[in-house]
Structure formats: C-alpha cells, structure tokens
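Enquirer: Mind looking over this structure? Questions follow.
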Amino acid sequence: VKLIFSVSFSVILCNKQKLVLAQYEHLGYPPGYPDPEQEHYTAPQLTADTPRIQLRLAGDKRKHNEGRVEVFYNSEWGTVCDDDFNIHAAQVVCRELGYVEAISWSPSSKYGKGQGPIWFDNLHCSGKERTLALCPSNGIGVSDCKHSEDVGVVCSDKRIPGFKFVNTLHNHNLDIQVEDVRIRAILSSYRKRIPVTEGYVEVKDGGKWKQICNTEWTEFNSRVICGMFGFPGERKYNARVYKMFARRRKPTFWDFSVNCTGNEAHLSSCKLGHATLLKSNGTCAGGLPVVVSCVPGRTFAATPMMGFRKAFKPEQPLVRLRGGAFVGEGRVEVLKNGEWGTICDDNWNLLSATVVCRELGFGTAKEALSGGRLGQGMGPVHMNEVKCSGFEKSITDCLFNKEALGCSHEEDAAVRCNIPAMGFQERLRLSGGRNPYEGRVEVLVERNGSLVWGTVCSEGWGTMEAMVVCRQLGLGFASNAFQETWYWPGEVSADAVVMSGVRCSGTEMSLSHCLHHGDHLNCPKGGGRNAAGVSCSDTAPDLVLNPQVVEQTTYMEDRPMFMLQCAYEENCLTSTSGQTPANSYRRLLRFSSQIHNNGQADFRPKASRNSWVWHECHRHYHSMEVFTLYDLFSLNGTKVAEGHKASFCLEDSECDEGVEKRYECANFGEQGITVSCWDTYRHDIDCQWVDITDVKPGDYIFQIVINPNYEVPETDYSNNIVKCRCRYDGHRVWMYSCHNGGSLSTESEQTFPGLLNNQVTHR
C-alpha cells in the first residue's frame, strides 16, 4: 500500500504544474497565466494512394469557426453524413482546417442543407488522422444519406501554431485558412497610435509573417480586414509613402491573392484568389504589399469630434445593445414607434449580426447569439426571420417577416462584435486570488519615468468600480467588490497605493477612464491588505420590475395608526407619523410589485446568512436593508413622499414553465431570485406603499428603483427603474403610462420631467 501511495504521490508532484493550469483550462487564461503548450504544426505526409481532399465550413453560421462540413473532391463540393460521426471525426476536420481542436459537432443539417454529393458516410475516426480521407468509412462517395443529415462542427478560436496552408487541388474556390492575420503599422506616425488603424495586411503562414500582393486587392477585401479588427469601415491612404517604403525594404509575399465579397465577417470565409506571380527579384507583378487604412467607430476614435455639438443635436440611434459584459456585445434592441423591443432569433446569423455591429461603430460580428443568451428583454419583439445582404446601413433596412408571431423573449437575439485592440488588459492585473477570476487589483502606472505596479485605494470602492476592472480584464461581470484583501497575498513589490479616489459610472472600458485623484494620492488607510479587490463572473442577474402590475394594482387605503406599529418601527411611514395619535389614520398609496430576474445568473443578497438581521415584529430576516425605493415627485422633480422596502424576503413566487423554484425564505431558508423566476410583493403586505397623508391632490410622477445602492452586480442597471404618471384627486389615486427606464425613445422619456432617464446615481 505504501509503495502504491508513494508512486502515485510522486506522479502527482511531477504533474503539479500541469494540474494547476488544467484546473483553470475551461476558464481561459488571463494575462499572467501561461497557456498550455501547443504542438507545432507539421504538414501531413500522405501516401500517393490517399484521396486528395480540401475542407471548408459553410452554411448558416453564427461564428466564423463553425459550419456545415463540406469536402472538395473530384472537382466538386459535397457534404458529410452524420451517421456514426463523433467528436473524434470533428477533431480531424478542425485540425485539417488549422484549428487547435473541435469544440462540438451537430447532426441533422443544423447549418442548412448542402448540395452536391455526400462524399463521406459512416466515418469511424480515431481523432489522430491527418486528413478526413484517412478515416475508415463506406468509401468516398458511397452513402445512403440525404442532405437533411449533413453534419456540422464548431472549432476552437485558436489556430495551430505554424499552420501552413497547402492547396493540393489548385482550386480557387477554397476558403482561406492561415495561422493568423494582422495589420502592421509601418509609418512611424501610426506605430505609436492605439488602436492600430493603418498598415500592411500580413498573414502568418507556416509560422512566418508574409505580405499580400496588391494586384488583385479590392476595397471589399479591405472592408473585411477592417471589420475583423473592430473597425466599421475603410478609407483611402497615401500610397506614395508606402511605395517609397517598399523600395527600401523588400517584402516577403504570400503565395496567393485574396477574393472577398465584402460581407464576410472574417478572412477565413473569403475565397482564395490566384497564385501570386513573383518576379525574379521577389516582387509581385504590382510590386507592392497591400495596405489598409481603417476608420474607428466613435467609441474608439483618438480625437472625438467636439465641434457643432450645440448646433446639431445627434439623432437617437435605432439600435442598441443591452445586457453584455463587454463593449460591443449584448442583446440587440431596436426602436420602433417610440418603444424599444427585441429581435427574434429565427434565422439569426453572422451576416445580420455584422450589420448590427457595423451600424453601432464596431467591426464585424464575432458571434451571433440566440436563445436569450445575454438575458431576456422586455416589451415587444419587433423583428423576426431577419435576412440581410450584409451591406445595409442599419438592421432596420434588412428584410424580415412582418407577419411572424409567437416569438417569446426566450428567443431574443444577441451579438458579440469585434472591437479594436486597445491594450487596456495589459495595464491591470489580479493578484493573489485562488483562481484567475479573483484577486487584489493591481494597476500599471508611470512613476518618475518608469512603469510600476501598485494597488488601488479601497476607500469608496464598490460594485461599479469592480465592474470596470472585470470588463477591462475580459473576465465578464463583477460578482463582488472587496475593500480589504488581507487574505490575498499580492505581489509585495506592488503593495504601494498608486491610485485613489476612484469613482466609475460602470460603463468605462478602463479603470484609468474613471474619475480618480491622479498624482495627488489620498488614502489614509493605505494599500497592501487594505487595497481594493474583485471577484468576477461570466454571468450576472438582471432584475426588471413589471410596470403593468404596478399600474393595474394601485389603490388608496386609510389605515389606523395602531395597525401600523411594525411599519413605524421599520421606517415605512413619513417622519410626521411620530406625532400621530394611535386612533388616527394614515393615507397609503398601495400597489403590488413583481420583480423578474431576466439575467443569466441567480440574484443573491450580498450579505451572507450569518449577517442577516432578525426582525421580531414582522418575524423574518432582512437579507437586504434597502432593496427598493418608492418615491412620489411633483412634475418639476421635487420629492413629495417616499417609501422603501426596508426588509425584503427574497424568494421565487413563480417561475416560467419548466423552471424550478430554488429560493424560499420561510424557516431561515435561502433567499434569492432564480433566473426566469419572479418575486411578487402583494399590495396588502406591510411597507408595500408610500405614505401620502401629507400630499395635496394633483398630478405626480411615481418612481420605483430596485437595488438602488448597487449592492448586487447586475448585467444592466438601466432597467432597474420604473416610472408612472400618477393622479390623486383627494378621494382616489391611479397610475398610467407606467414603463421601465430606457424602454421608450428619448422624446417619450422627456415627457417625465426632472427625473433621471436611465442609470440611477444613488451611491
């Protein structure tokens, strides 16, 4: 037994480094964590009798690295049947196309039906084969399948290092497969700029960077390259300067030209052009490498246009993204008849997603998401079965099915767009955490002419600041903000505070964009163990209150003071109620509230169970002291009455069909709201009101704010507010025009004067 144990233990020790890295593999590797070593590509050595084939991924794609598997053989494109196809066969396909590995595969023509012969059926691959043609099968072209059984695969984003494109069939209808692509800044004036917007287009083939000959280059090719790197369009450049540079430094040309139609989301979807004809001196017929110059969108422009802002009011966009963790991703919402609504995911693909991305000032789409993956919207579903050519100025110009009904918000479409590389990730790191998603926040700043790492003062550090850190590092949403980090030993050399007074709105791309003290640091309690920290998460909840329920359940009640003792103890009445005799009445504006969790994670109170407060009067625990605010405003924005939910017993009252309730606060149970469930607070419970005893009859605006102190991170705070018009005539009270913040056009919102439009600023 001892011998077996010692052998096992030594094996574990030998593999310790591998194990430590492997446990984080599914999370990806943020800066500071080395990637696992990849094998270097070697071109397959095939025997003379091996059938020569080429592969491509085609069909109705939602990512460039997925699609229907198509095989070029005997001068004709065909497909592969899903019979006996498995992940090992998918692995062979992806590696043959130059991707590191296969993620998954899909049967039954998920990417649409192909055409032509079905070249392979009943494939039995081990996963090690150098080409799909070497996998045992019925024989090439022998199949009893229909195109409804065409198989598709999803490959990893990563390319095989050193991948060499080999065109064995001299067919120029092949998709382009190279190891990597880049825009390399050549002119000194562009080298220092971030992002890189102009330079040579270079492809990495066989581990070497090569330029592309410009003889067959078109503006459509430039449009695709710019889109890949996060830019919505391309522009002309000074060709004379590049001509002089090319004379001085001899280019190394790639073997092929490029042939894009202009609506591709990625170079790998473009077709291979003709072979490059090189002269004896190594130059191509035109003699020059391809140069592109891209136009960044407004968010990334180096010098935003400041003039004319007063003279010309910018038009409100017709499209926006909501619920995404990063800039350039989110649920797609369109404005129609003054109301924001969503797009149904039927036929949603990369082409339509790219139109949205370019319209919003980003590049092409990295991914077209379906099934409410980035949270569910509210309000109407405005478009369904969208079909774009890829050249539309707006998604609202694309064709769609005006008659299609029956789409629910479970089918909301979303996008992830390519955005320019801004280098923000390199100026921030998390240190000392148990995994790459948590740790003490350390920033890179310039001090006395050199760059040094240091900590952030935790005074005032909260959810909004943590959100910006997680976004900057590409780690999703914040799940917690910490004001002390004594349990995370960071880098000792970085203990000193280099940033203080940080205040973020939550939408910034970098912590340096937030308000802060600059060089005049002020942090009495110091850094080290008192430095700011965060933990991040891929997902977050999103609470939305149902405005119709508020509107339909509002009424007025006169209630005797002796029945309001518990409410008085919990500050649910106005300050004047303290002088009210026990036999007099308080006038209460009552309503029900139904709070949905439309996000991607359960909503849980920030406080752990051991710190919940027991309230004897109401006989329950407070898991959050202030969860909602209820305010009544005059039409000029003056607050005339207020209420708040001092104690919220968070639980699942009801859920969507097929979703199980998880939270029930009775008997000191767990508190929270599950995704796709809602918590209903009926009008007849204590504190579900505003005390309007001292309010005069008239027209008012009623406002509800959920999670007002941002205690719990959410994907979207803009919809945490509900506003209603309220009329009180002294005898009756009623609500109308109730709506969520940000659900109406700017013009409609302006009919609610004196109030915040979207994000609330209670801190």
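Think of each number as a place in line: the chain as shown, counted from 1.
The backbone N, Cα and C atoms fix where each Cβ goes, glycine too.
Features from TrEMBL:
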DISULFID  C81-C145  disulfide bond
DISULFID  C94-C155  disulfide bond
DISULFID  C125-C135  disulfide bond
DISULFID  C260-C270  disulfide bond
DISULFID  C388-C398  disulfide bond
DISULFID  C504-C514  disulfide bond
DOMAIN    55-156  domain 'SRCR'
DOMAIN    183-295  domain 'SRCR'
DOMAIN    319-418  domain 'SRCR'
DOMAIN    428-537  domain 'SRCR'
Enquirer: C-alpha of C145 (disulfide bond) to C-alpha of C388 (disulfide bond): distance in Å?
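Expert: Cα to Cα, C145 (disulfide bond) and C388 (disulfide bond) are separated by 31 Å.
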Enquirer: Sequence gap of 6 or more, Cβ distance under 8 Å: name the residues on the same chain that satisfy this around C94 (disulfide bond), in order along the sequence.
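Expert: Listed in sequence order: V100, E101, A102, V153, C155, S156.
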Enquirer: 10 Å Cβ neighbour count around C260 (disulfide bond)?
Expert: 23
Enquirer: For the domain 'SRCR' (183-295), provide the mean pLDDT of the predicted model.
Expert: 89
Enquirer: Measuring Cα to Cα, how many Å separate C260 (disulfide bond) from C398 (disulfide bond)?
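Expert: Cα-Cα, rounded: 21 Å.
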Enquirer: With every protein chain in view, what's the tally of Cβ atoms within 10 Å of the Cβ of C504 (disulfide bond), excluding that atom itself?
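Expert: Total other Cβ atoms inside 10 Å, all chains included: 21.
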Enquirer: Tell me which of the disulfide-bonded residues C135, C270, C388 ends up closest to C514 (disulfide bond) in space, Cα to Cα.
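Expert: That would be C388, the closest of C135, C270, C388 to C514 (disulfide bond).
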Enquirer: Hey, what's the Cβ neighbour count for C388 (disulfide bond) at 10 Å?
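Expert: Within a 10 Å radius of the Cβ of C388 (disulfide bond) lie 20 other Cβ atoms.
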Enquirer: Out of C81, C125, C135, which of these disulfide-bonded residues is nearest C398 (disulfide bond) by C-alpha distance?
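Expert: For C398 (disulfide bond), the closest Cα among C81, C125, C135 is found at C81.
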Enquirer: Around the Cβ of C155 (disulfide bond), how many other Cβ atoms lie within 10 Å? Please give the count over every shown protein chain.
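Expert: For C155 (disulfide bond), the 10 Å Cβ neighbour count is 26.
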Enquirer: Could you check which of the disulfide-bonded residues C270, C388, C504 is the closest Cα neighbour of C135 (disulfide bond)?
Expert: C270
Enquirer: Considering only the disulfide-bonded residues C125, C270, C388, C504, which residue has the minimal Cα-Cα separation from C81 (disulfide bond)?
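Expert: That would be C125, the closest of C125, C270, C388, C504 to C81 (disulfide bond).
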Enquirer: If you count the other Cβ atoms within 10 Å of each Cβ, which of the disulfide-bonded residues C125, C398 comes out on top?
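Expert: Answer returned by the neighbour count: C125.
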Enquirer: To the nearest whole angstrom, what is the C-alpha distance linking C270 (disulfide bond) and C388 (disulfide bond)?
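Expert: Cα to Cα, C270 (disulfide bond) and C388 (disulfide bond) are separated by 18 Å.
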